[in-house]
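Now, the feature entries from Swiss-Prot:
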BINDING   12, 96, 197  [4Fe-4S] cluster binding site
BINDING   41, 74, 124, 225, 226, 227, 269  dimethylallyl diphosphate binding site
BINDING   41, 74, 124, 167, 225, 226, 227, 269  (2E)-4-hydroxy-3-methylbut-2-enyl diphosphate binding site
BINDING   41, 74, 124, 225, 226, 227, 269  isopentenyl diphosphate binding site
ACT_SITE  126  active site, proton donor
C-alpha cells in the first residue's frame, strides 16, 4: 500500500496565530489562563494547552476577577466582548483575522440597516459570534444552511439585502446557496472578496486532487471541526470511502482491505504530529513510506495582537 499526503493540509495561519498567542500569554503571565470556548476545534491541541494551565470556559462569570482571558479563534459576539470589558480582566483576542473581516462586514451592514443573510452552520461558535455583531432592530440577520432555508426565508425588504459566509463553509455548497440567493433576491449584494478563507478553499481543492489518486481518504481532525467535516464530505461525494479520525488509534485495519493507495489529509486545526502518527500506524499495517502530492504553498502569516506586542517588550 502507498500513502499519499494532500498538500496543503493541517494548521492554517489563523490557528497558528491563536496557539502562539496563548503560549506567549502563558509565558508572560503564568497559569491559569482562561480561554472562552475551545481555542480551536481539535482535542489534541485543547488537551495540550489544558496541560499547560489553560482553563476553557463558556460563561464569563466562570473567570475570576483579575484573571487573563483570551477569545478563541472563532470570535465572540459584541455582547460577550462588552461583558468581558466590564470586568477587571486582562483581555487578549485570538480571533482569526479572516473572521474579524466578516465581523466588520456585518457591523457595517448593521449600522446601515441592511438586512444580512449569513451562510453557515447552526450552532457553530463562529456563526454565533458573527450573528452577534448585528444589533440594528430596523434590519435583521438571518442564518441559512441549505437551499431549503433560502426558499423558506422571509425578509423585511428584498431590495436591501447582503450576504456573508462562515469562513469554514463548503466552497461548493456556498456557491449553490449564493446562486439560489441571487435567484430569489436579484438585488442582493455580496462581499467584495469571498468570506470562505484561503485555507478552507485550499484544503478542499487538495482533497479533490487527493481523491483522484487514491482508493480511500483519511481526514485527521476532531468531530467538532467544521472544516475537517467538510473535507470528509467532499471526499465522500466522489464515491470514495472517507473517514474522520481524531488520532491514529481511530484507524480500523479492515478499512484497508483491498486498498492500494491511502490518501491522508488534515483539517486546519489538526497539528502535523497527528499526521505523522497516522503514517506510522498505516506503516504498521504494511503501508510504504508517504509521498506528498504537488500543491499550493501557503505563505500567509498573521501578526499578533497589538497589546500582546506591548506586553512582550
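Including glycine, each Cβ sits where the backbone N, Cα and C put it.
Shown on the structure are the features that Swiss-Prot records.
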{"residue": "12", "record": "[4Fe-4S] cluster binding site", "DSSP (3 states)": "coil"}
{"residue": "41", "record": "dimethylallyl diphosphate binding site", "DSSP (3 states)": "coil"}
{"residue": "74", "record": "dimethylallyl diphosphate binding site", "DSSP (3 states)": "coil"}
{"residue": "96", "record": "[4Fe-4S] cluster binding site", "DSSP (3 states)": "coil"}
{"residue": "126", "record": "active site, proton donor", "DSSP (3 states)": "helix"}
{"residue": "167", "record": "(2E)-4-hydroxy-3-methylbut-2-enyl diphosphate binding site", "DSSP (3 states)": "coil"}
{"residue": "197", "record": "[4Fe-4S] cluster binding site", "DSSP (3 states)": "coil"}
{"residue": "226", "record": "dimethylallyl diphosphate binding site", "DSSP (3 states)": "helix"}
{"residue": "269", "record": "dimethylallyl diphosphate binding site", "DSSP (3 states)": "coil"}
Other same-chain residues whose Cβ falls within 8 Å of the Cβ centroid of 41, 74, 124, 225, 226, 227, 269, the recorded isopentenyl diphosphate site, in sequence order: 40, 126, 168, 224, 228, 267, 268
Residues close to [4Fe-4S] cluster site centre defined by 12, 96, 197, Cβ within 8 Å: 13, 14, 15, 73, 97, 98, 99, 167, 168, 198, 199, 200, 268
Shortest C-alpha distance to residue 197 ([4Fe-4S] cluster binding site) - which of the recorded positions 124, 126, 225, 226, 227: 227
Packing count at residue 124 (dimethylallyl diphosphate binding site) (other Cβ atoms within 10 Å of its Cβ): 19
Residue 126 (active site, proton donor) CB neighbourhood, other CB atoms within 10 A: 27
Span of the (2E)-4-hydroxy-3-methylbut-2-enyl diphosphate site, taken as the largest CA to CA distance across 41, 74, 124, 167, 225, 226, 227, 269 (Å, rounded to a whole number): 15
Close binding-site residues near residue 167 ((2E)-4-hydroxy-3-methylbut-2-enyl diphosphate binding site), where close means Cα within 10 Å, chosen from 12, 124, 225, 269: none
Spatial neighbour of residue 126 (active site, proton donor) that is closest, considering only the binding-site residues 12, 74, 96, 227, 269 and their CA atoms: 74
Candidate with sparsest Cβ neighbourhood (10 Å radius) among 226, 227, 269, the listed binding-site residues: 226
Rounded Cα separation (Å) that holds between residue 225 (dimethylallyl diphosphate binding site) and residue 12 ([4Fe-4S] cluster binding site): 13
Residue among binding-site residues 167, 225 with least C-beta crowding, 10 angstrom cut-off: 225
Cα-to-Cα gap, residue 41 (dimethylallyl diphosphate binding site) vs residue 12 ([4Fe-4S] cluster binding site), nearest whole Å: 13
Residues near residue 74 (dimethylallyl diphosphate binding site) in space but at least six apart in sequence (CB under 8 A): 37, 95, 96, 99, 124, 125, 126, 129
